[in-house]
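Q: Okay, handing you the structure first.
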Amino acid sequence: MKSIIFMGTPEFSAPILQSLIDEPNYDVIGVVTQPDRKVGRKHVLTPSPVKKVAVKNDIKVYQPEKLSGSAELTELIALNADLIVTAAFGQFLPMSLINSVKIGAVNVHASLLPKYRGGAPVHYAIMNGDKETGVTIIYMVKKMDAGEMLATAKIPITDQDDVGTMFEKLSLLGRDLLLDTLPQLIEGNVQPVKQDEEQVSFSPNISPEEEEIDINLPARLVDAKVRGLRPFPVAYFMMEGKRTKIWKTKVIDQTTDLKPGQVVSKTKHELLVATGEHGVISIEELQPAGKQKMTITDYLNGVGENLHPGKQIIDNDKSK
């Protein structure tokens, strides 16, 4: 039986941890996750999904605000584990910890490396309109997501997928790929492959500025941006001067000569807006500032009489 330290935080990581716990050949001797965070309007202190799995299975949990230089780091090194497995942990691992394990430290990364190194690979794959993504298992090294690749698996991105659905799919894909790869790694039957540095791209954590949708983009990429930021952090337009979160859009198979951001047509249940490259989108769910998420029908009930074809309702000036 091989001993494992598992490190992860969000929902993506939880099924991967559970699979290692369920495997009789592995002994998860410690779980490292981010500290409990205040969540929601009531700021309820909430454990991470990974912590919930660990506690349920009576596994010791470590939650350093910063692992490097912490007392927890010293204790983890002293565990003398066979393996470290990380999956969306959210912190850099000190080399002293990586070098302390007997077999190796591996990371389950939610992209087809070397594409999309960094903290938001799923968001960027969808926002950029990619047709596929996947999971790569790599050795942990000092440089972020730059280790040699041990295994990869691909999965399509559909026009209906968002970050939530892709995280679910990629979590299970990563779980299965890890369970296939670890026995080969333990037996020494894996041939690591270096990443092609010329093909590297990055997916940094989403900044507040990145959340605004550029209506000058083609309709396909406007919709991809909405899905690529749903269910978090949620994209927005500046609609008639107010920040309005956009939860759901649909690409319409028609063209228009109206300027991006202008109303193409409006009914009681539909609002079509012009995008870049003569495209058209339907806004289907949105959330005006200070209000709850609502359907376009409910929104139009309140403001519909003020909207007419040709009216500029979305700011299309991205130069500010």
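Each residue, glycine too, has its Cβ placed from N, Cα and C.
According to Swiss-Prot, the record shows the following:
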type	residues	note
BINDING	SER111, LEU112, LEU113, PRO114	(6S)-5,6,7,8-tetrahydrofolate binding site
Q: Which residues does LEU112 ((6S)-5,6,7,8-tetrahydrofolate binding site) neighbour through Cβ under 8 Å, counting only same-chain ones at least six apart?
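A: The list for LEU112 ((6S)-5,6,7,8-tetrahydrofolate binding site) reads GLU132, THR133, GLY134, THR136, THR152, LYS154, given in order along the sequence.
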Q: Non-local Cβ contacts of SER111 ((6S)-5,6,7,8-tetrahydrofolate binding site) (under 8 Å, 6 or more apart, same chain)?
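A: Expected: ARG117, PRO121, VAL122, ALA125, THR133, GLY134, VAL135, THR136, SER203.
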Q: Suppose the (6S)-5,6,7,8-tetrahydrofolate site is SER111, LEU112, LEU113, PRO114. Which further residues of the same chain have a Cβ inside 8 angstroms of that site's Cβ centroid?
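A: Going along the sequence, the neighbours appear as HIS109, LYS115, TYR116, ARG117, PRO121, GLY134, THR136, ASP145, THR152, GLN195.
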Q: Are there residues of the same chain, six or more positions away from LEU113 ((6S)-5,6,7,8-tetrahydrofolate binding site), whose CB falls under 8 angstroms from its CB, and which are they?
A: THR136, ILE138, ASP145, MET149, THR152, GLN195
Q: Tell me the Cβ neighbour count for PRO114 ((6S)-5,6,7,8-tetrahydrofolate binding site), meaning other Cβ atoms within 10 Å of its Cβ, over all protein chains shown.
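A: Excluding its own Cβ, the number within 10 Å is 20.
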